[in-house]
Each structure stands twice: as structure tokens, then as C-alpha cells.
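**Q** Below you'll find the structure I mean.
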Amino acid sequence: MITLLCTVFLSLTLASSVYSETNSPASPPAYTAETELGDQNRVFASRGSNVTLPCRLHRQHGMSFGSVGMRIKWTKLSADESLEEDVLVSMGFHKKSYGSFQGRVHLLEADDDDASLVLSDVSLDDVGKFRCEVIDGIDDVIHEVTLEVQGVVFPYSPRLGRYNLNFHDAEQACLDQDSVVASFDQLYEAWRSGMDWCNAGWLNDGSVQYPITKPRGPCGGANARAGLRNYGQREKSKSHYDVFCFTSGLKGRLYWLVQPDKLTFAEAVQACQDDGAEIANVAQMYAAWKLNGYDRCDSGWLADGSVRYPISNPRSNCSPTEAAVRFVGFPDKKQKLFGVYCFKGQQ
């Protein structure tokens, strides 16, 4: 079997994509792989958008994707690439989608050589590497495409404190904040953008790492280079760390709810409901801060019972040294000490 493997790290936006073409360097096969990618190989989708994952066949013989007996299979790889999840299988007029992709995927079929996958209503769970495999007799063409979503990485630890999450608890903690466990690539990009955090956290491949832009003694050593500190793969059930979560842009608005008095946690929840909203979660605050530049120097309750405030413009008494989401802590929920941040979704 002649197998062509082209790995393309690609993300796709809702708006438009700029394409170039690459042919696999191999002896002339029945089919050669053809990939389409942006100038920088990285274009980001937004959560809720529709995207097209390219898969094309450059034919040197007379067969095409529309030919009888041609089989097209799309799968999604797990974070460590050890497992494949079926997305769509097509043979002639017979097409079937699977799992969470049912009703959200179809083949573009712009021409006889096109097996591109159209994915609608992109979610955080869709982020990752997809594989397109085209089989016709003894010929097998494979494309791999990585879909990314524009968003923000943030560190998270629970009320119990630092290093209390095994991997499965970490997954749930991020899910509770409307996010997913971040990937290595996402944490790496966050580090490149200036993220510096001295607590180790889980990533979605089961590794534990943390980003350092300002090397110092307690964080891998003052003489070490800036970068990602890597503890390697850890036992998912028995090892306990924090977690790095990833969320995308907001479909709605985070705001400070003006109130005449300070609130208990229960009163904060009710106040947001009375305003036709819900109490904001940690991911929503990070997204508003990082992606929208939200800035407010008032400590407020969030849905997990923590108290935080976002500073985009550092100033005296308000995170004077850096832009950050400041963490006050997990205070007694019965204390009337804080205001509240609410979130109102798009109608």
C-alpha cells in the first residue's frame, strides 16, 4: 500500500482563509497529498463558528473521490494520539457521522477531488488533531489537520488549595468553569505571550508543566532559561497538582453589578439572577480580561466561591506591577465583604 502522510498544523477562522499548496515529496504514486494552509499555518476559529478542514486528492490517474468504492474516513485523535474517535465515514452515497459530531459534520465535496470536512458549531472539545483517510483499493492517502480555537489559558486550583487535583478531578474542575484542560501547544503560546506561573498544572496529554518567563530560585532556578518547566507524564489517579484550563471568547457580557451594599455569596448569586443574568465563572473573567481588555479594581464573587478582580491597566492599589486577574481567595461565603461579577449571555 502506498501511504502518504502529511501533517498540517492548521486552525480555521469563521471569516476566510488564505491558502497555499504543498505536494508530498515521494516517488510518483497513484495519488499525491495536497494540503491547504494559511501563510503562517495558524488561523483560529471561534467557539460556535463553522469551519472547513481541508482534505484534497491530487489525481494522477482517472479515479476521484466520487468514484464507486472510494472510502473516506475522518477521525479525531486523542491528545496523546493513542486513540481515534470516529467523526464521519463516507462510501459513495452512504455517509454516517458519529458521537458528538452527529448533525454537525458533512463533506464539502466542492469537486470530485474534495473530501474536506465542514464542522459546524465549533466547541472547545473539537480542538485537536483530525485525520482524513481516503482509501481506494491499494491506495491510501492520509491528511492530518489540527483545529485550534482562539482563547485564553488560565491556572486553576480549588478551594482546598494548591496541588489537590488528580487528572480526572482537573478535567472536572475545568469543565465546571466552562473550559477544558489546556494542551501543550496552548500553554506554550500562553508562555510566548508572557504567562508566568510557578505552580505546576496538568495538561490534557497527562503531563504536568508550568510556564516561566522570569527565572527565579523557587521556580526551577534563577540560572535556568525561561520556558516551560516539565515534570513529564504523571500517574493520573494518584498524582495531585493544579491544572491549566483553556476557554474561548465570550458569547455574552461579563460585568460588575452595582449594588448599594456588600453581599454574601448567596446574595451575590441571587442579585445576578434578579438582573436577568448569572454569577460569572472564572473562565468568563479570564476571557473578558485577556480577550476584551476588561478592567475593574473591585473584588467580586465568582461562581466557584472565589473572589477575584481583573486588571488590564496596572496602577497603584490595583495590581501595580502587571496586568492580571487578581485572586483574593475563597472567603467564608456568609461574609458580606464583596460585590459580584455577573454574566449575561447573548440572546
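Just so it is clear, glycine is given a Cβ too, placed from its N, Cα and C backbone atoms.
As annotated in TrEMBL:
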DISULFID  C198-C219  disulfide bond
DISULFID  C297-C318  disulfide bond
DOMAIN    29-148  domain 'Ig-like'
DOMAIN    152-247  domain 'Link'
DOMAIN    252-344  domain 'Link'
SIGNAL    1-20  signal peptide
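Help me see these features in their spatial surroundings.
**A** For C198 (disulfide bond), the same-chain residues lying six or more positions away in sequence with a CB closer than 8 A to its CB are Y210, I212, R216, P218, C219.
For C297 (disulfide bond), the same-chain residues 6+ apart in sequence whose C-beta sits under 8 angstroms from its C-beta are Y309, I311, R315, N317, C318.
Regional average pLDDT for the domain 'Link' (252-344) in the model is 96.
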**Q** If you count the C-beta atoms lying within 10 Å of each candidate's C-beta, which of the disulfide-bonded residues C219, C318 ends up with the smallest number?
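**A** Selected from the disulfide-bonded residues C219, C318 on minimum Cβ neighbours within 10 Å: C318.
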**Q** Based on DSSP, tally up the residues of the domain 'Link' (252-344) by helix, strand and coil.
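**A** Summed over the domain 'Link' (252-344), the classes give 21 helix, 30 strand, 42 coil.
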